[in-house]
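Participant: Have a look at this one.
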Amino acid sequence: MVKVAVCGAAGRMGQRIIVAITEAEGAELSGALERPGHPLVGQDAGILAGCGELKVKISDDINAVVEGCDVLIDFTTPKVSLKNLEACALKKKSIVIGSTGFTPEERVLAAELARDIPAVLAPNMSVGVNVCFKVLKDVAKTLGDDFDVEIVELHHNKKKDAPSGTAVRMGEVVAEALGRDYNKVANYHREGICGERTKEEIGMQTVRGGDIIGEHTVYFIGMGERIEISHRAMTRDMFSRGSVRAAKWVVGKKPGLYDMQDVLGLK
């Protein structure tokens, strides 16, 4: 039985992950972590998540929570995730990170911290989204430079980072397939007289509003035809189930930084 702890246990995603752990075979909730001073510290994590008493109280002691688990699932912020990754590395515990908004420098730091433990870092834990990553790579290679690429992502009005980590990863996948440097060709802003679109650029548009869980569409636009590859999240449960799947997979793996493509065997 894999002992799984959850960071951000009182949040929306944290609660759905707790439910997913109780529904998964071969996994059990061993700890629930929140920031120091959180008003729900001391509450039963299962009751809060709506799945009944689990006799696991929400704690603000990261060392105790990490010590008692095999793997920590973290959906917080890059700053907190790196702190948790460091704590797991010190105690030789695995970690699954679903936080988004990492800078290139933070990704490098994450890889360095994961040299001694197995860690999964993925902007999206959905099976469907990760299948889209594979499809995008194949489509981009086939179409080559004859099609312009534009990405549009939509999320709820509470999302803090833009564009989404999933949208950025989609752009990176396409850029890699086309032999381009994503950081040089990504275009996040068009306004006024900005000139003609370059052939190499990958456009990125962000929409925020209401309670949209997450929608992503990649447009391959050619002369007289257009291909659209879309994914729409109807519930957060696909993210929570994916994170638990990753948690069960990563325990016992060789040290290093993995992603959901590794978890799903898509590489």
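All residue numbers here begin at 1 and follow the chain in the order shown.
The backbone N, Cα and C atoms fix where each Cβ goes, and this holds for glycine too.
Pulled the feature table from Swiss-Prot, pasting it below:
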- G8, A9, A10, G11, R12, M13, E34, G98, S99, T100, A122, P123, N124, M125: NAD(+) binding site (BINDING)
- R35: NADP(+) binding site (BINDING)
- H155: active site, proton donor/acceptor (ACT_SITE)
- H156, G165, T166: (S)-2,3,4,5-tetrahydrodipicolinate binding site (BINDING)
- K159: active site, proton donor (ACT_SITE)
Participant: Whole number in angstrom, please: the longest C-alpha to C-alpha distance across G8, A9, A10, G11, R12, M13, E34, G98, S99, T100, A122, P123, N124, M125 for NAD(+).
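Facilitator: Spelled out: the longest distance between any two Cα atoms in G8, A9, A10, G11, R12, M13, E34, G98, S99, T100, A122, P123, N124, M125 is 22 Å.
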Participant: Per 10 Å Cβ neighbour count, which of the recorded positions R12, R35, H155, H156 ranks highest?
Facilitator: H155
Participant: Would you find the one among the binding-site residues A10, A122 whose Cβ has the most company, meaning other Cβ atoms within 10 Å?
Facilitator: A122
Participant: Check the Cα-Cα distances from E34 (NAD(+) binding site) to the recorded positions H155, H156, K159, G165, T166 and tell me which is shortest.
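Facilitator: Nearest in space to E34 (NAD(+) binding site), counting only the recorded positions, is K159.
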Participant: Identify, in sequence order, the residues in the chain of T166 ((S)-2,3,4,5-tetrahydrodipicolinate binding site) that are 6 or more apart from it along the sequence and have a CB within less than 8 Å of its CB; answer 'none' if there are none.
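Facilitator: Counting only residues 6 or more apart in sequence, the Cβ neighbours of T166 ((S)-2,3,4,5-tetrahydrodipicolinate binding site) under 8 Å are T100, P123, N124, V129, E153, G214, H216.
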